[in-house]
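Copied over from TrEMBL, here are the features:
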type	residues	note
BINDING	10, 11, 12, 13, 38, 124, 126, 211	NADPH binding site
BINDING	125, 151, 152, 182, 205, 218, 223, 224, 227	1-deoxy-D-xylulose 5-phosphate binding site
BINDING	150, 152, 227	Mn(2+) binding site
DOMAIN	4-132	domain '1-deoxy-D-xylulose 5-phosphate reductoisomerase N-terminal'
DOMAIN	146-235	domain '1-deoxy-D-xylulose 5-phosphate reductoisomerase C-terminal'
DOMAIN	267-382	domain 'DXP reductoisomerase C-terminal'
Ligand SMILES: NC(=O)C1=CN([C@@H]2O[C@H](COP(=O)(O)OP(=O)(O)OC[C@H]3O[C@@H](n4cnc5c(N)ncnc54)[C@H](OP(=O)(O)O)[C@@H]3O)[C@@H](O)[C@H]2O)C=CC1
Ligand SMILES: CC(=O)[C@@H](O)[C@H](O)COP(=O)(O)O
Ligand SMILES: [Mn+2]
């Protein structure tokens, strides 16, 4: 029986995680769920999975939330604030933590889980983008078990040999990691229409149903850039080992190419419950609620190279990856600010790349030797990004 804390339970990954967990009451129990603003969803989830603890970010929401829980006859205990997020990750009863808070806010609780040697199911890619080397060092030092949940990295994890040695592609006869991306909703949109893209259009992903921040990232392909950096740290890769391939159908979730000409791919319908189920039950397989691909209904199965003019953010992120940790921390922070401003209607879709490029250009390439420095660097990049947003507004 695994005992699980779900960080970001009210989000897309969080709710899918509870869905998979509830399909297997003999295998999993929920210790804690956490939410930020969506208190209605948090109550429904509590009724669905009966966690011992519910964590709210905002202490002021406590009284109203407690009343609702009492009315619903729900006996979970309510905790509040940042320390509580860490506590429900570190508790000795917990062996598995799903890291599904979006953005930089996910870093500290995820690290708390790593530092107490938990199995960490990593959906929050921003943690690795911000702090890759420090994060992976902590995984090794505390013997945490890191299982990638991001569909591409979960696919790569499944396609690597079981005895894969971190960073040693040659030993396993691997020549390349092929990271697939859909290209988002604007893959074929005329160039002149990009300036008038609305938040709802950007969040209307062609194949996946996801939260709004990652949906915008998919539309700009910053998501693939973040995933490029994530892959580097998860598997110990060099930038030249990774190739981004456009695959609009999102049926192949990524591939590993071997020296003998073999390419091993992981395929499936675009539904995150497959990766989540694999992470929860690894190395066993369990049902997830996802149907297998029906090949007779696949009308198209295509591949191409992403165009630099259409997707400047992808190439900015790859550039940052080559520059190092300070650059990836900065571009991640800039992107969070820019996407938030775009979603609030303050800047245009095309301005996201302008903010990211500007912050990347201004970044000092200092060495970040501890998490406090990472957070300081993140905060500085956010201030810079906000200044540019104000100018563009
Ligand atoms: N959705 C997907 O299919 C995939 C997502 N990912 C990654 O997983 C993570 C989650 O994505 P997704 O589920 O789509 O995002 P959502 O926006 O759907 O959910 C985000 C979750 O984080 C919580 N949250 C937001 N801000 C804070 C904060 N400051 N403090 C604490 N909690 C906070 C939200 O709470 P509330 O809703 O209550 O405000 C919600 O529970 C992201 O890092 C994303 O890149 C990776 C691959 C696929
Ligand atoms: C489901 C998942 O893992 C997302 O990160 C997905 O990759 C988004 O689709 P894109 O390939 O369009 O970025
Ligand atoms: Mn992904």
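Backbone N, Cα and C define each Cβ position, glycine as well.
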**Asked** Looking at the binding-site residues 125, 205, which sits with the largest number of other Cβ atoms within 10 Å of its Cβ?
**Response** 125
**Asked** What three-state class does DSSP give residue 227 (1-deoxy-D-xylulose 5-phosphate binding site)?
**Response** helix
**residue 38 (NADPH binding site) CB neighbourhood, other CB atoms within 10 A** = 15
**Request:** To the nearest whole angstrom, state the Cα distance for the pair residue 126 (NADPH binding site) and residue 227 (1-deoxy-D-xylulose 5-phosphate binding site).
**Result:** 9
**Request:** From the binding-site residues listed here (10, 13, 211, 223), select those whose CB sits under 6 A from an atom of ligand 2.
**Result:** 223
**Fill in**
Cα-Cα, residue 10 (NADPH binding site) versus residue 227 (1-deoxy-D-xylulose 5-phosphate binding site), nearest Å, comes out at 23
**Prompt:** Once the chains shown are all counted, how many other Cβ atoms turn up within 10 Å of the Cβ of residue 211 (NADPH binding site)?
**Reply:** 18
**Prompt:** How many Å separate the Cα atoms of residue 223 (1-deoxy-D-xylulose 5-phosphate binding site) and residue 150 (Mn(2+) binding site)?
**Reply:** 11
